[in-house]
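Quick look at what TrEMBL lists:
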DOMAIN    6-118  domain 'Tetrahydrofolate dehydrogenase/cyclohydrolase catalytic'
DOMAIN    137-278  domain 'Tetrahydrofolate dehydrogenase/cyclohydrolase NAD(P)-binding'
BINDING   Gly163, Arg164, Ser165  NADP(+) binding site
Amino acid sequence: MSAEMIDGKKIAQEMREQLKDRIAQLQDLTPGLAVILTGDNQASKTYVSMKQKACEALGIYSKLIELPDTVTQSELLKVIHELNDDAKIHGILVQLPLPDHISETSVIEAIHPSKDVDGFHPINVGRLQTGGEAFYPCTPNGIMKMLEYQNVDPAGKHAVIVGRSNIVGKPMGQLLLKRGATVTYCHSKTADLAIHTKQADILVSAVGVKDLITADHIKKGAVVIDVGMNRNDEGKLCGDVDYEECSMKASAITPVPGGVGPMTITMLLFNTVESAERFSR
Ligand code: NDP
C-alpha cells in the first residue's frame, strides 16, 4: 500500500489563514519583519523575495535592506542595532550566507533575541533546550507542525535525524526530544546509516544528497520527512529520499517540492506574528 502524502502546501495555507486571524486581533499594531540581504547571491535574492511576498499576502510589514558585498561588519552591525531599536520591526532576519569577511556568529549574536525570528541566537538555541520563551528555527518547527497536523505523536517513538546542522538537524532532534521521542542523530561520520535509519518510527533526512534514503533505509510504516533540496539530472528540484520507492513502504511521507519547503516560510511568518503579539502585551 502506498504512503499518505503529507501535503506541506495545504498545511502551510491553513496555518497562514490562522495567522491572518491573529494579525487582525492585533488591531492597530502591524507585525513588521526586516530582512537584510548582503551581496548578489541569486538564490538568496529568490528566497528574500519569496519571504517578502509571503509577508505582503498576510499584511505583515516587510522592510528589505540591501547591502553590497563590500559592506563592513561594523556597518552591518550598526544596521542591526538600529532595527533592534525600531518599534515597527518585530522580527529581524539576516539572509545567509554572508560575505567571507563577516563573522556569522557576531551578526547572529547582534540581533536582539526577542526579534530573532530565525531562532539562531544562542539565547533562543539555549532556551530550546532549557525552556523559557524562545523562537525555534523555522524548518524543524515547521516539521513539528506537520507531524501535529498528521496526528503523529512523537512520544515514545524512535526518531532518527540524518544531519546535524545548527539550522535543521540539531534543533529537529531537540524539538522531538522535548515531545518525548527517543532521538538518534546520524551524520557524515555515521558508520552504517541504514542500521540506524531502519529503526526509525519517524525519519527526518536533512542532508542535501539526492537518493541518499532508499527503501532499504526505512522500516515499514515509518513517517518519512524529507528536508533535502537537490536537483536531479533533469534539473528538477528533489529531496534526499527516493520518494517512489519509500512511499511503498512508509505510512506517510513528504514530497519535494511541496513538503517541508512551504512550511519553512510559514514558520517565519508565524514567529514574526508571535513576536508582535509578545511586544503588544
Ligand atoms: P548542512 O550542509 O549544514 O548539513 C548537512 C548535514 O548532513 C551535515 O550534518 C552532514 O554531516 C550530513 N551529511 C552529509 N553527507 C552525509 C551522508 N552521506 N550521510 C549522512 N549524513 C550526511 O545542510 P543544512 O542542514 O543547512 O540543510 C540540509 C538540506 O536541507 C539541504 O539540502 C538544504 O538545501 C535543505 N534545506 C531545506 C530547507 C527547506 O525549507 N526545505 C531549509 C533548510 C535546508 P557532518 O555534520 O558530519 O558534515
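Using the three backbone atoms N, Cα and C, a Cβ is placed for every residue, glycine included.
In this model, the domain 'Tetrahydrofolate dehydrogenase/cyclohydrolase NAD(P)-binding' (137-278) carries an average pLDDT of 98. Ranked by Cβ neighbours within 10 A across all protein chains shown, the binding-site residues Gly163, Arg164, Ser165 are led by Gly163.
Assigned with DSSP, the residues of the domain 'Tetrahydrofolate dehydrogenase/cyclohydrolase NAD(P)-binding' (137-278) fall into helix, strand and coil as follows: 54 helix, 26 strand, 62 coil.
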